[in-house]
Amino acid sequence: MRRLKSDWKLSTETREPGARPALLQARMILRLIALALVTGHVGGETRIIKGYECRPHSQPWQVALFQKTRLLCGATLIAPKWLLTAAHCRKPHYVILLGEHNLEKTDGCEQRRMATESFPHPDFNNSLPNKDHRNDIMLVKMSSPVFFTRAVQPLTLSPHCVAAGTSCLISGWGTTSSPQLRLPHSLRCANVSIIEHKECEKAYPGNITDTMLCASVRKEGKDSCQGDSGGPLVCNGSLQGIISWGQDPCAVTRKPGVYTKVCKYFNWIHEVMRNN
């Protein structure tokens, strides 16, 4: 693997949109993403396997979190300055890309922001981020608000949890194969269903709490995978889950993906945004 002289250092080109011409900004985004794809830098512990290419901009709340050249995690836009992602994705700062579809091309819909403020759940075990998955939820506050367009829109939160059997959708730029890494250029989607909590507990004995939920289409082996962490599980038009963890290799029969159950954190999310 070719090694860069150093991680991609964001210089004056990383100022907020408007500080540079649109063309220069677009080139910067392309360079950032291209470096990540070429070097294979994909972050996040979790596991879209056997999905399909999303219709362009059909998931306008989808966010890509980068750290320098590294595709760190997915995230979900929930307010003009706020993202929701997994706590195990936490870093000191992020480059945030919104309005993306094909990471090798620009279509004028892209927006970029920076963020240095993260608010992981206070009960998340940061000393064991890849082993203890309880309370794997975090808010990220961007340095400036985004502009809502057809390609950039927030996703609704709901205090009501969904029932087993509900059809949902997951999305991300994570690897499309496992255990080998194969990174897609375009955003991938997969249709999954919520699984009974007892079945989830049987799949991962002793590791499932009431703030987690499982989803998959086990007959077809669909699942989220590396690089998808922090991304959305969308059910009935609302954010019901955050991609958190699962079996490695991904999409193994009888081993569903595990998600943070967002409805259980509805009050906490709004409290953090209100106080910050």
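Each residue, glycine too, has its Cβ placed from N, Cα and C.
What Swiss-Prot records for 1-44 is signal peptide.
Across the residues of the domain 'Peptidase S1' (48-274), the predicted structure has a mean pLDDT of 88. Annotated domain 'Peptidase S1' per Swiss-Prot: 48-274, in sequence order.
For the recorded site, CYS189 (disulfide bond), the DSSP three-state label reads strand. Over all protein chains present, the Cβ of CYS189 (disulfide bond) has 21 other Cβ atoms lying within 10 Å. Swiss-Prot lists CYS54-CYS189 (among others) with the feature disulfide bond, giving sequence analysis as the kind of evidence.
CYS89 (disulfide bond) carries a helical DSSP state (H, G or I). The disulfide bond annotation in Swiss-Prot covers CYS73-CYS89 (among others).
Of all Cβ atoms in the shown protein chains, 27 besides its own fall within 10 Å of the Cβ of HIS88 (active site, charge relay system). The active site, charge relay system annotation in Swiss-Prot covers HIS88 (among others).
Counting every protein chain shown, the number of other Cβ atoms lying within 10 Å of the Cβ of ASN125 (N-linked glycosylation site) is 15. Annotation source Swiss-Prot lists N-linked glycosylation site at ASN125 (among others), citing sequence analysis.
Residues or ranges marked as active site, charge relay system in Swiss-Prot: ASP136 (among others). Under the three-state DSSP scheme, ASP136 (active site, charge relay system) falls in the coil class. Using a 10 Å radius centred on the Cβ of ASP136 (active site, charge relay system) and all shown protein chains, the other Cβ atoms total 29.
The secondary structure of CYS168 (disulfide bond), as reduced to three states from DSSP, is extended strand. Shown in sequence order, VAL162, ASN191, VAL192, SER193, ILE194, ALA215, LEU233, VAL234, CYS235, GLN240, GLY241 are the residues of the chain, 6+ apart in sequence, with a C-beta less than 8 angstroms from the C-beta of CYS168 (disulfide bond). Annotation comment: Swiss-Prot describes CYS168-CYS235 (among others) as disulfide bond.
Packing around ASN191 (N-linked glycosylation site) is summarised by its Cβ count: 14 other Cβ atoms lie within 10 angstroms of its Cβ, all protein chains included. Sequence annotations record features per position, and here Swiss-Prot assigns N-linked glycosylation site to ASN191 (among others) based on sequence analysis.
CYS214 (disulfide bond) counts 25 other C-beta atoms within 10 Å of its own C-beta, drawing on all protein chains shown. Sequence annotations record features per position, and here Swiss-Prot assigns disulfide bond to CYS200-CYS214 (among others) based on sequence analysis.
Under the heading N-linked glycosylation site, Swiss-Prot lists ASN207 (among others). Secondary structure from DSSP puts ASN207 (N-linked glycosylation site) in coil.
The disulfide bond feature in Swiss-Prot is assigned to CYS225-CYS250 (among others); the stated evidence is sequence analysis.
Using a 10 Å Cβ-Cβ cutoff, SER229 (active site, charge relay system) registers 30 neighbours. Per Swiss-Prot, active site, charge relay system is recorded for SER229 (among others).
Taking a C-beta cut-off of under 8 Å and a sequence gap of six or more, ASN236 (N-linked glycosylation site) has these contacts in its own chain: VAL162, THR166. Annotation source Swiss-Prot lists N-linked glycosylation site at ASN236 (among others).
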CYS54 (disulfide bond) versus ASN125 (N-linked glycosylation site) - Cα distance in angstrom: 34
Protein Cβ atoms within 10 Å of ASN207 (N-linked glycosylation site), excluding its own: 15
Spatial neighbours of CYS54 (disulfide bond) that are distant in sequence (at least 6 apart) but have CB under 8 A: HIS101, SER171, SER186, LEU187, ARG188, CYS189
Cα-to-Cα gap, ASP136 (active site, charge relay system) vs HIS88 (active site, charge relay system), nearest whole Å: 6
